[in-house]
2 protein chains.
Amino acid sequence: MVKYPTGSLSNYTSDHTDLFKLKNNHHKKNIVFSDRGMSLEQQINESNQYYLMQNIAVVHKKPTPIQIVKVDYPKRSRAVIKEAYFRQASTTDYNGVYKGYYLDFEAKETRNRTSFPLKNFHEHQIIHLDQCLQQDGICFTIIRFVSLNRYFITPASFIIHAWNDKSKKSLTLSEIESNSYEIKSGFRPTLPYLDIVDKFILDRK
Amino acid sequence: MVKYPTGSLSNYTSDHTDLFKLKNNHHKKNIVFSDRGMSLEQQINESNQYYLMQNIAVVHKKPTPIQIVKVDYPKRSRAVIKEAYFRQASTTDYNGVYKGYYLDFEAKETRNRTSFPLKNFHEHQIIHLDQCLQQDGICFTIIRFVSLNRYFITPASFIIHAWNDKSKKSLTLSEIESNSYEIKSGFRPTLPYLDIVDKFILDRK
């Protein structure tokens with residue numbers, strides 16, 4: 001049992017894993033240094049941190065909801081949760097505020113090269129995006145094709161439409177290309193998705 | 001050790017406690033049935049549920065951030081978290097979207113009758129409210145004076161100003177009265193705070 005008494009565990013991905021990936025990628029051709037073997041979640045979190053520090057936007061990842069059953073309060077030490085369960089979330093992972101706009105999005109990655117399986121979404125995420133759209137939020141998904149090193153901002157309206165088509169099991173890459181905005185990965189921030197959100201907001205008007 | 005294998009634990013307050021309070025309040029004078037011995041958090045959650053069902057707004061309480069250290073995956077049973085710790089939140093408890101506006105607020109209650117101690121706020125809450133204000137969010141606190149059965153929507157700008165005045169330890173009730181909007185508790189929803197948010201939005205323009 002490994003104990004991490006302080007610091008964040010960032011959802012089971014230790015920094016050592018990433019360092020390892022980086023080292024092993026080092027001699028490969030066409031290496032893109034900007035994403036440094038990071039997961040999409042890490043890229044978004046790092047970008048949100050940058051946007052926050054620069055007073056550009058306030059976007060946070062929501063914590064995973066946990067149902068706590070048993071907590072110990074040891075003397076002279078902080079509380080330890082001894083029994084708890086993962087609960088179903090009722091929203092998407094990210095929301096926040098940018099220039100007065102409410103942003104709400106879900107981030108998904110796939111190793112597929114030609115399509116994005118819709119089963120990557122949970123029904124509660126689709127319902128939540130639809131509810132936020134009705135309140136005039138800026139709602140979208142960030143889809144990363146890992147093997148292609150491509151990132152898309154796909155409007156929630158398109159995702160909801162496809163989800164409701166029961167005969168549809170996945171979105172082809174070309175469907176995504178023609179219904180999304182592509183994000184080019186950057187350096188500061190790692191994933192400059194707000195540049196693309198600006199375009200999305202303009203087109204929406 | 002009591003096990004709650006399914007259902008929500010709603011922050012250590014079991015429904016039995018509330019039922020018990022209700023029974024015991026039953027013979028008291030001036031009983032306000034609308035709040036049924038609920039905590040402010042329960043009143044807001046119930047109101048948010050109502051607003052969501054009626055397609056009026058999408059506001060959720062953020063889960064408490066937890067740092068997970070050890071998880072067991074028993075066969076034929078769901079994952080059990082065996083060691084975890086509470087983490088410091090970096091935001092307020094509530095945010096969401098209403099008619100295109102980004103809402104962000106913190107809820108606080110006091111048993112005091114004449115003032116509200118500022119130590120009820122944590123620094124990270126003040127910083128977060130300030131960051132969201134800079135992005136043009138609708139930012140406020142809901143303050144409940146439990147003994148007076150009064151509820152106020154106090155703009156974040158006023159709270160931040162008071163917090164930054166190091167000589168100030170608390171807000172007097174009359175300061176809150178003259179810098180806030182009072183919410184009258186209702187039946188549907190329990191705490192109709194969005195009626196007041198409408199006024200706040202109008203005055204803000």
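The backbone N, Cα and C atoms fix where each Cβ goes, and this holds for glycine too.
No curator has checked TrEMBL annotations; they are predicted automatically.
Note that the structure is a prediction, hence the values are computed from the model and not measured.
The feature Mg(2+) binding site is assigned by TrEMBL to A:THR91, A:ASP93, A:GLU106, A:GLN125. As annotated by TrEMBL, site 'Transition state stabilizer' applies to A:LYS108.
Ranking the binding-site residues A:ASP93, A:GLU106 by how many Cβ atoms sit within 10 Å of each one's Cβ puts A:GLU106 at the top. Filtering of the recorded positions A:THR91, A:ASP93, A:GLU106, A:LYS108, A:GLN125 by Cβ separation from chain B (threshold: under 8 Å) yields A:THR91, ordered along the sequence. In the three-state DSSP reading, A:THR91 (Mg(2+) binding site) counts as coil.
Rounded to the nearest whole angstrom, the C-alpha distance between A:ASP93 (Mg(2+) binding site) and A:LYS108 (site 'Transition state stabilizer') is 10. Cβ-based neighbour count (10 Å, all protein chains) for A:LYS108 (site 'Transition state stabilizer') stands at 18. The local packing around A:GLN125 (Mg(2+) binding site), expressed as other Cβ atoms within 10 Å of its Cβ over all shown chains, amounts to 22.
Using a 10 Å Cβ-Cβ cutoff, A:THR91 (Mg(2+) binding site) registers 22 neighbours. Cβ proximity to the Mg(2+) site centre (mean Cβ of A:THR91, A:ASP93, A:GLU106, A:GLN125, cutoff 8 Å) flags the following additional same-chain residues: A:LYS62, A:ALA89, A:THR92, A:TYR94, A:ASP104, A:PHE105, A:HIS122, A:HIS124, A:HIS128, A:LEU129.
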